[in-house]
Amino acid sequence: MGAAPSRIVDNLLDDTNFDRAEIERLKKRFMKLDKDSSGSIDKTEFMSIPGVSANPLAKRIIEVFDEDNSGDVDFQEFITSLSIFSGRGETDAKLRFAFRIYDIDKDGYISNGELFIVLKIMVGTNLEDEQLQQIVDRTIMENDVDGDGKLSFEEFKKAAETTEVIQSLTLQHNI
């Protein structure tokens, strides 16, 4: 391992919840996923991760993992994002990641339209659009403390704390 990769691992030790052995193990998994050896995982490679392709929010998850908006997920982005979901991940970081799934335009708020889009992805054709819109409207109305018609992170966080969202954002598997 050269100086640059060693420095990356050292940075990841400081910035994540993983120890050196876990990072090395995840690096091997990352390299297996990186089928074209480009140093990053594209959408197709990301979808080959077990359980990801079946997740209706897979596209949004990839976009949130991709911090620099390059279209691919590099090793640092991969490890940093996975760290959030480890058992040692902080609740606030887990909720911020979930918030970013909904905040499609990255303006720091979840609008009525964004909430509708993400929930539509999740429920598919199981609900009529009118029913879904009623749920979205009620969700915004019940949680929009400042009355601006959208949810800030703090409003989202308060709403999520009353549900089992935090538990569902923790990986239960040994990495």
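Placed from the backbone N, Cα and C atoms, the Cβ positions cover glycine too.
Just so it is clear, the model here is predicted, and its values are computed rather than measured.
Pulled from Swiss-Prot:
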- Asp66, Asp68, Ser70, Asp72, Glu77: Ca(2+) 2 binding site (BINDING)
- Asp103, Asp105, Asp107, Tyr109, Glu114: Ca(2+) 3 binding site (BINDING)
- Asp144, Asp146, Asp148, Lys150, Glu155: Ca(2+) 4 binding site (BINDING)
- 21-56: domain 'EF-hand 1' (DOMAIN)
- 58-88: domain 'EF-hand 2' (DOMAIN)
- 90-125: domain 'EF-hand 3' (DOMAIN)
- 131-166: domain 'EF-hand 4' (DOMAIN)
Residues within 8 Å of the Asp144, Asp146, Asp148, Lys150, Glu155 Cβ centre (excluding the Ca(2+) 4 site residues themselves): Tyr109, Ile140, Asn143, Val145, Gly147, Gly149, Leu151, Ser152
Listed in sequence order, residues not in Asp103, Asp105, Asp107, Tyr109, Glu114 with Cβ within 8 Å of the centre of the Ca(2+) 3 site Cβ atoms: Tyr102, Ile104, Lys106, Gly108, Ile110, Ser111, Lys150
Residue distribution over DSSP helix, strand and coil in the domain 'EF-hand 2' (58-88): 19 helix, 2 strand, 10 coil
Under 8 Å by Cβ from Glu155 (Ca(2+) 4 binding site), counting only residues of that chain that are 6 or more apart: Asn143, Asp144, Val145, Asp146
Pairwise Cα distance for Tyr109 (Ca(2+) 3 binding site)/Ser70 (Ca(2+) 2 binding site) [Å, integer]: 23
For the domain 'EF-hand 1' (21-56), sequence-distant contacts whose Cβ falls under 8 Å of one of its Cβ atoms, 6 or more beyond its ends: 9, 12-13, 62, 65, 70-75, 78-79, 82, 121-122, 124, 175
Asp72 (Ca(2+) 2 binding site) to Asp107 (Ca(2+) 3 binding site) - Cα separation in whole Å: 22
Extra residues within 8 Å (Cβ to Cβ centroid of Asp66, Asp68, Ser70, Asp72, Glu77), Ca(2+) 2: Ser40, Phe65, Glu67, Asn69, Gly71, Val73, Asp74
